[in-house]
Amino acid sequence: PSLEFHHRFSAPVQRWWPAPGGAAYVAALAEHDRHHAMLTFAEGNATLKVSNLGFLHYALVTVGTPGQTFMVALDTGSDLFWLPCQCDSCTPSASFYNPGMSSTSKVIPCSSNFCQKECSTTSQCPYKMVYVSAGTSSSGFLVEDVLYLSTENHILKAQIMLGCGQTQTGSFLDAAAPNGLFGLGIDKASVPSILAQKGLIPNSFSMCFGRDGIGRINFGDQGSSDQQETPLDINPTYTISITGIAIENKTDLEFSTIFDTGTSFTYLADPAYTYITQTFHAQVQANRDSRIPFEYCYDLSSGEARIPTPDIILRTVSGSLFPVIDPGQVISIQEHEYVYCLAIVKSMKLNIIGRKF
């Protein structure tokens, strides 16, 4: 076998690639880039778990002209990107976005397709996002501004929509996402959807989490052939169907679950919760500790970082397997005293696979 190389302007290539210099050539280049482009934040694609800020993953984003940089929580469970802004109620430690200081900022009017709230035709478009955590919300008004993204070769300024978050409640006033939340959901208001609508990327993105808490995010990533896949259910969130669980032994157990990086831990309703926790507990050789809100916590001796735990593997409706990297969390009780907890909370209804599972 042999491999042929051709110059991009050679005769054989011209049969499927337009001659340089014309509109068709520029359009072909743009189409090629659209199908092959992968973007990330201008500050880099690294994400970081910050335990004292809600055990969520964060990334640095730069918005506006001149650019203002914020460390925001990454949330696949919601759609809107918002920043603390002209605050009536925000955490005192927050960094504030000021649309009035950005020459590229525009208030989104009520006539916009993004505006679903009732308001007058001359006023700004309000928003209110309510989250799963009790009493947690963000509200304000919508603006348009540039988000700084990068390819391998250059910086791109993409016009996107974001929320000027004037009032935060609940967890946003305690620790979680003090400098804003980056919604990565399916709806047209999310940044990945906006980038895809503009033809800048394929309608996809990837997030990877490492054991050390460091991860990465890329927009337009279409995966690789060696990755396993499973279909998404038709749902406003990223929901998949589980058909079985293996903890040493396999069992058939069907339920739907949401993948949500904006939820710190995993929430499961029965029968999944009881099966996993009791089967896990039956194979752990350690004393339980009742001082922590998690139901299944175990004492750690001073000489060990964690206890031996069984493997947990979820089977999806496609037959693909989802191995749980580390289902637990080491928690400090006091100096030199630690417990290892199975980081699963019992839910009454929703099943949510959070960032820690």
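Here the Cβ of each residue, glycine as well, is placed from N, Cα and C on the backbone.
Residues or ranges marked as active site by TrEMBL: ASP75 (among others). Long-range neighbours of ASP75 (active site) (same chain, six or more residues apart, CB within less than 8 Å of its CB): LEU56, ALA177, LEU181, PHE182, GLY183, LEU184, GLY185, ASP260, THR261, GLY262.
The local packing around ASP260 (active site), expressed as other Cβ atoms within 10 Å of its Cβ over all shown chains, amounts to 24. Per TrEMBL, active site is recorded for ASP260 (among others).
Annotation source TrEMBL lists domain 'Peptidase A1' at 57-357.
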